[in-house]
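Under the heading domain 'DUF7708', TrEMBL lists 78-212. Taken from TrEMBL, the feature domain 'Nephrocystin 3-like N-terminal' applies to 272-419. As annotated by TrEMBL, domain 'GPI inositol-deacylase winged helix' applies to 540-617. Sequence annotations record features per position, and here TrEMBL assigns repeat 'ANK' to 796-820, 830-854, 864-888, 898-922, 931-955, 965-985.
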Amino acid sequence: MSSALAKASPLKPEIRLAQAVSEFEADLSNEQKATFRTLRSQSLSTTPSLQDVMRLTAEVDHRTSKKFSSACFGPRFTNFLHGVQQFATLGDILVGGSQNLLACGVWSLVRMSLLSIVNLSTYIDKLSSLFMDVGRSAPRYETIAMLYPRSSRLQSDLSEYFIVVVNLCHHLFKFGQKSTVQQFTSSLSDAHLKTFQTELSKWGTSIKEQMDVSEAQESSGFRALTREVFKSTSYQQRLAVNARVLNFCSTYNHEVAWKQIRKAGNTSFYKQQADYREWRDSSHSGTLLYIGKLGSGKSVLLANIVSDLSLPAEKDSPLVAYFFCKHDIPESLQARTIIGSLARQLLLNVPDLGILAKSCKNTHTASDTEAVVEMIFQGFPADAKVYFVLDGLDECDDEEKETLVQAIWKIQVKLKMLICASFREEPNNGLQSITDKFLATRAVSIPADNPDIDTFIEADLERCLRQGRLTIGDPTLILEIQEALSKGSQGMFLWVALQIQTLCSMKTDYAIREALADLPKDLSETFARILRKSGSSDPALQKKTLQFVLAAYRPLTTNELRDALSVTPGDKNWDSSKILNNIYSALACCGCLLAVDEEELTVRVIHHSVKQYILDTPDGVNHAKFSFKEAQRTLADTVVTYLSYSVLGTELSRVKAHAIAVQSAPSKIVEAAIGSSSTARDLALKFLGSRRQHEFDISRALAKAQSSRNSKPEHAFMFYTYAKTYWQDHVFYVSGQDAAIFRLCSKLIYSRASELRKVDKDYWTRFQWAAENGNRNVLELLLQAGKVDVEAQNSDGRTPLMQAAGAGHIDTVEVLLSIGKADVNAKTSVGSTALTMAVGYGHSDIVELLLSVGKADVDAKDSRGSTVLMLAAGAGHRDIVEVLLRVGKANVEVKSSTGSTALMLAIGAGHREIVEVLLSVGKANVEAKISGSTPLTLAAERGYREIVEVLLRLGKANVEAKNSSGLTPLMLAVQYGHSDIVEVLRLHTNRISKA
């Protein structure tokens, strides 16, 4: 019998997964079984959604906050929970109920297990870190539902993955049921937990490989799906349409910023405020604005509000959408990104988005924000209540802010949308325009005596003491610290956090008391002290590190930053000996003003005010002073140099290891074998001992190290992905006058011309910067590469030349004309040209350039039949009128569609100086009639005495000429009561009669 069983085929993964779930259930008490079955039934009736992930995360934080007042662990579980939630949805798409029951069972037991972990107060930090690490490789793919039914291997691997998940949860749940004494005596084995983590990583990697291959093989990803697999034949089409609509709305990951901010801690004062409760419980659109000073915890407050709003578990709980603007991610500061993310979060809850398919283009642009708003109106139910939490609105520039506010107002009018936003308390912050626009706005100021400050101080000091980061000799000193921080905080959480970190670096009670007696008064003084102290050992490294962090288009990871800091701009020869051995040494040069995100491993300044301080504070006050222009240039030179390394794109070949004595091993061979600091450390220890072993063969050690390195090529050249993605954005800022950099830049542009993307608004902003800051030679390279369409029009029909002319960027205009050969006479839909733009905005130097170099058509008419001379005359631009007449030889007698001439428009607007120029330089016809009036009759009627005098003196106007009503200038002056003009006309008549 045993022999037969041994020969039998192993059970399928799906069956073993079912067994694992059953074993979990079997170990539950009767009460726990009832809870588990209730949760499973609820999941069967309503498939778990992203809202359920947020709700479970919020519930974890709600429970842990009772034991850890400031710590926040819930966001660490989020990525892992997304993977479980997506697996739960897979059971709903297949024929038959067993898979659905199994998938919902997994979700339910994971939920029970995570909530039980909360009781393990001793282990919550370690276990939440475990799930955070596991979450990095969790199977979270949008297309998994489309590829799953046709891939037996994917089905198998997913089952294997979740077998490990169930076993891990079973292990933790059982441990959590033990008494405190039993937990103390048995403890959680790190080795056991590591085994679970390794297994999950293995299966997660296998699933990722399959997803990558499948998505590459078929762009649609699901044409091969058969009818039998799905519940309905239309399901595959619905999946495709939904994915297309959602991706058109947004592909921006809004969750990352919320997780980073939420981990900063808990706050609760808002729950006691009537304004918050009334806003939350309202059944109509309304707005709650939190206003606070710099560093007062506005972002953390709003992150907590997202969790609070997500907690209710009622069936019809309002949807919670959110967005946190990030100063170091330009994309997050665009209205299109924010509204697109809001639309995606709302429409994700609509089962069928087919009605919106026609509204989607292949790509989205900043100009289609209104289209996205209309998609929300078409696809989302108008009677559904929605919360939208928006942080960092004041980080957006004025144009984006105006577009965003207008869009949100429209949504509030049509939907039941309750907005909660934050705003910085400072002069001229534009708050009034927002409160006037949003519906039912109530503004709440965050108090300087925020009760959460003292709670935060106590909790953070306790944490530092427990972790051994803060060491004191006199126990009563902690009370002195607490009191001093409370008095000096002025409601600024950021100030408190930085003081505590500074105190942790001190080694004696005396030093701590000295620091408490001289605490910095504000954030600027705090930043200055930190930079001065931390950068004293290597100011150059501090400066370069800060430049890279501030100038990057997205936050750099620690490995990317390490690679970038090791580059010598202009030197295209890669030298491994220049690579920083430890990136944290560079970060230490910046003190506690830089932070590494524990999950994304990205480096950021701790607060946007740090960037503001470094870039805006005068020299002599700021220890690490540099301009943003300098930071951009330094990083641009680094990117160009990095992409010029000849070793990029090559593969290290495997060769047979020949015996080498350690004493004769060239350093380059050793360098080639070493791929990490840990490898270097291990080899170094072996080399130390080798001096005593004459027969020690270094070749084996090097071959092993090289093999290890070659098996993980993704660990080499970590900055490459960033450089390849963003070189087109950085190239405008290179040191174009540096011969070595320019040579590398030239080679880069021509070798990667095929990568040049379609230009956009930001492209031309950078183009203008380059033209005006000495990089015209770089622009010439880009234009000559032939990938830049200088005639591309924006949504208003404006070409880059028109935009540059209107904005007054003369260097850009010159480059576009001389190198780009831009069409100077291209027109918008209303007939405006680049010359029209320059005239309209009063840029006489550009007008002259367009006429002399571009040979612009000076007499071209717009849709109203007006010429640029008419426009300049009516606007009173004397210098431009002179240029148009002198350089452009404009025809002064051309009439508009209403019969007006430049002279009549100048008179009508009362511009005496323009009238003088038109008569003296342009020789305008002073007797030409328009609508029955001569220039003199019009001036007399309007009461422009000085213009009447000019017309009589320079134009020799006929004082007896009559208008269509038979009235002379004198009659009109008398009729309208212009006595001064009457006197001028009579005197002129008398002089003529005497002559």
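Each residue, glycine too, has its Cβ placed from N, Cα and C.
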### Task
Work out, from DSSP, the number of helix, strand and coil residues along the repeat 'ANK' (898-922).
16 helix, 0 strand, 9 coil
### Summary
Other same-chain positions with a Cβ less than 8 Å from the repeat 'ANK' (864-888) and lying at least 6 residues past its termini are 831, 833, 835-836, 839-840, 842, 844, 847-848, 851-852, 856, 858, 894-898, 900-903, 905-906, 908-909, 911, 913-914, 917-918, 921-922
### the domain 'Nephrocystin 3-like N-terminal' (272-419) - residue tally per DSSP class, helix then strand then coil
79 helix, 24 strand, 45 coil
### Query
Quick one: DSSP breakdown of the domain 'GPI inositol-deacylase winged helix' (540-617) into helix, strand and coil?
41 helix, 8 strand, 29 coil
### Query
For the repeat 'ANK' (796-820), what's the model's average pLDDT?
87
